[in-house]
Amino acid sequence: MHVAILLAIISLARAAPSTKGYTVATSLPGKSAFETRRLPDAPEILKNWAGRLDIPGTTIGNSLFFWLFSAEDKAYDDNLIIWLNGGPGCSSLVGAFLENGPLRFMGNSTMPERNPYSWAKLGHVLYIDQPVGTGFASEKVPVTSNKEVISNLYSWLMSFDAIFDHILRTKKVHIVGESYAGIYIPYIASEIVKRKSELPVNLVSIAIGDGTIGPNTGMSSLGMVGFLEEYASKLRIPRDIMNAISFGDHACGFDIIRQRAKVYPPRGPFHLPGRSGSANNTEISNMLQKGVADESLGSCNIHPDTPEKIRSSIVNSTCYGHCAVFETTADYMSSQQCFSIYNINYGCNFTNPTSTLEAYFSRSDVQIALNLMHPTDPLRPFQSCNPKILETLMAPANRPVPPSFEILPDLLTTHKLPVHIYQGRLDMLINHVGIEVTIQNMTWNGAQGFQDSLHFEFGRQKDKAVGLWNEERGLSYHLFFEGGHFLPADLPMEVLSYVKEVVLRQ
């Protein structure tokens, strides 16, 4: 059960006595306690801080891990970017060392190298492992709901701010993340703006990449056929199979919704029929977590390979649930060699660096450098993603209200907080068609959706536009043509420019 937060952080960070089993309030360590040693087998970087920090008001043993990197350029000293990975249950070190941090594993390298496209070039960057049990975040009692996740994170931020010279108040704070952080970011932003009297965070904007901002159906099945029609030849889908998928799509009414979403301005809200993936959520969650590997499909590993099986799987599956266009398509595609749901351009030469990341951060000398253990302590292996957290938070009973329904419109309309959505066109897991329909179904600042279509080009690479964009009434949307689910990894230079010019407005 969630424990109410009783702690009020003051500048001296003094505390009341603890109640048995709970850290109702604690004396906070000094900032110097988190200074890191130089990472083994890695280039030297500017001053940084890392470690675990207890969550006030929760069970003793529940803490979040953080890593704060200094700004590399004094011209951007006023900026603080907070990065959250998704999953749910995936470590922020995935983002830090595989995407946008000062050090990154490049290609087949087993040791981190300097990242020329580090976001620390644009300000201080704070990476947080959350919720408890994620990455290096410790867990005594696991979280069971998004409400608990957000409450813990907000309470933790209060402690972090007290230790680090009120950095959340004095810097321009931008919260950025990807995938399931599309849930985390709007909810924590909402908590921040509504509780400014408790912690006056100088929150300037939020940005979400390939994020789960809408209902599950809208994020996956609703846009799948629209996505497949763009890339049918690249994906080598036979005509009869494509027709069968389109049959299921039409039977569920998704094609009609997509057509309505193409009308600018929209003529009214869309009803999202069906509940994709409700029958066997754990199996589907595992499938998404592991990139649709055969062994992860379990009892749902039916591999529909004929038009008849495709149609049946979409409209009558006892495993995936009704209107499972996405799950059926992903199951079919999993039989193709070297297919990746995260970026359909990844081929057989693509190397997944997750095992390298886990091996490096499972080293005792690395964990000692990060203030996570003493030389005599037992080693705790590092896990990039925790499947138990994914299963818990993705369970139908635990899913929060999609941010596009209420939270995002409130942030934009009531609190006038700039919201930036960025998306990789090659991402099949959370496809851009579904994202665009979700935006067009959202009402903010007096109107529904974008009033004009997505047609402005941005960026140039080899005489071609990097993508298309639109911005209206405080919401911007950027579609990157050649990127997938992990955009900072796929297009590091282009995304760095995007963060500088769009998110930071510099």
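Backbone N, Cα and C define each Cβ position, glycine as well.
Annotated features in Swiss-Prot:
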SIGNAL    1-15  signal peptide
CARBOHYD  N108  N-linked glycosylation site
ACT_SITE  S179  active site
CARBOHYD  N280  N-linked glycosylation site
CARBOHYD  N316  N-linked glycosylation site
CARBOHYD  N349  N-linked glycosylation site
ACT_SITE  D427  active site
CARBOHYD  N441  N-linked glycosylation site
ACT_SITE  H485  active site
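Structure with Swiss-Prot features highlighted.
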{"residue": "N108", "record": "N-linked glycosylation site", "Cβ contacts under 8 Å, 6 or more apart": "T351"}
{"residue": "S179", "record": "active site", "Cβ contacts under 8 Å, 6 or more apart": "N85, G86, G87, C90, G209, D210, G211, T212, L429, I430, H485"}
{"residue": "N316", "record": "N-linked glycosylation site", "Cβ contacts under 8 Å, 6 or more apart": "H322"}
{"residue": "N349", "record": "N-linked glycosylation site", "Cβ contacts under 8 Å, 6 or more apart": "none"}
{"residue": "D427", "record": "active site", "Cβ contacts under 8 Å, 6 or more apart": "D210, Y342, N343, G483, G484, H485"}
Neighbouring C-beta atoms (10 Å sphere around the C-beta of H485 (active site)): 24
Where N108 (N-linked glycosylation site) sits in the secondary structure, as DSSP reduces it to three classes: coil
